[in-house]
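Colleague: To start, I am sharing the structure in question, which I have written as structure tokens.
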């Protein structure tokens, strides 16, 4: 009869319980008369506790408390005078004791994997005195293990790799399962491994969990990944044992077991002959089923008639062979090329040499296509020379170009004017002869680099370029001159024959044998009594004094003309003037003062005194300017203040006012009749000291001069008025045009008439009409009263 998993567990529980009950007698207390023990005034021998371990089965599933064991003291006569007390780990919470009988029970389900044993203390007390009758003793309750935990793969799931084509038995990876049950008791923690998925490719060692290959020649290119399921089972794999599983992903890694192969035996590509050097002609690739370094290849041209014209390299990313041009193609010279190209693996595994050579060959044919090419010059750079003395139209040289195509179209020449902006040269469009178009100057530009264009007559878009370097040959066309501006001085106490200056010369020309200059004084200066010149024959000359002593009061500056001749053919000369100043020198001959005016100053005034005097003068000038400015600012203004200003101004009011009567601030009589002109006028914008109030007389003038006379009259009044302000002012007038024969009937004319109209009522209109009341009223302070 076979037991199931549940029945087997119950059988183990019953067996463990039987063993616990059979050991009860060993767990009871016994006495040993070793030491006296005093209690309640009586002398007696000490009782000692002798303990063995208690065992209790884990995972008890019953409803009643689980009996663990019994405590008993030989002092206990069974009359109830002794009570038992339990303390320690789990006392009262997990384990309880019957204080009368000493029976111990477990009230909770125990798990050995959480705690394997409990340490408790037991004591027997006299129930009446509550004093111990035996010493306290310690004992252990050990949890008996059952197979309640399945094996677990703590590191799963697993991934591993193994090279393809590995032999049988090659180790892949080791898996490990752990079982939480007690390994020291029974077979609950003894695990064996088996493979549930992954056969027949892989196997696993039952005891170690090492996974190995089980088939030879597994090919990555056919299948590169396998999923394995590994089982771990306790109880040594027997029926009733618990099990756990994990997955293992095994990847076959690549090895170089596949040689490269070209998909085609031959290739053909067409390229134009105008394709530049280094351009890509074609890309070819040999197929290789391997990956990574095992698929890396190298290409080379092993044969063919294009070895020097083409080259092949490898693209590291795509492993393609890239064919490029090394030399220019010419359809007229060669129309096709044939190449034999080999592709080979760079990393060959000797184990797989038997699979065949790890290289392959193919043929590449390249067809050159004809294109319309631009003209080609016979030389890429032409070097020419011409003298700077050459006349306009002088032939310098000739360039030549031809059409490389079979049509051999005629060529026309021109100069790229971007390289000859000044148009120094011309070229014959048909012959290519270059001539001068302007006078040349080597000192301005010694070398001219120009570009000559050659274009086909039939197709002007095809343009070839040639480069010409024209070197200008030098002639002696520049006279020598001083190398620099010399500052020459001579001391007043100089002695005859003393060197005061060494001079040299320069020449813009560049003779083949170098410069040679000759120095001398001009004819008019040769007999002077002050200085002489000595030619040093090394392109320098020395200026010396001819007499002793010089005086600045007599002559402070000397001008010495020097004649310089070069060695050219023909030779050129120039006269350069050396300025020599007479100076006061110290004992070492170093110039101190070179100004003749210094002798005019008083001898007793030093530089500090002169500066002090100048500062005083400047201070006085500043004071004078300040005084003048202050006086100008304190001048009384030439116009009256605001209260007495009766100029023709515009007075603005915020109410309607009195109509036309408000314009009495200025005289409108002159504007009402255009045919009148005043005899004597005064400015109305400034109040004069004496005011003439008599009515002016008028005389008629022609209408055609009204405007001119009107403006001229006003301008004249402003110019001759002595009371006018000292600044420009704006004069504003109203001009209404020609009046009627009856003249104006407006009350505004009353200001210059004998009208008896009274304006005193304006004072009653309030402060807004105060000014009008002051101007037109009859008060004692009125100006026009």
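Start at 1 and count along the chain as shown; that gives each residue its number.
Each residue, glycine too, has its Cβ placed from N, Cα and C.
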Colleague: If TrEMBL is the reference, give me the range from 569-598, 599-628, 629-658, 659-688 marked as transmembrane segment.
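Modeller: Feature transmembrane segment in TrEMBL: residues 599-628.
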Colleague: How many helix, strand and coil residues does the domain 'Cadherin' (482-599) contain under DSSP?
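Modeller: DSSP classes over the domain 'Cadherin' (482-599) add up to 4 helix, 53 strand, 61 coil.
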Colleague: Find the average pLDDT over the domain 'Cadherin' (378-482) in the predicted model and report it.
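Modeller: It averages 91.
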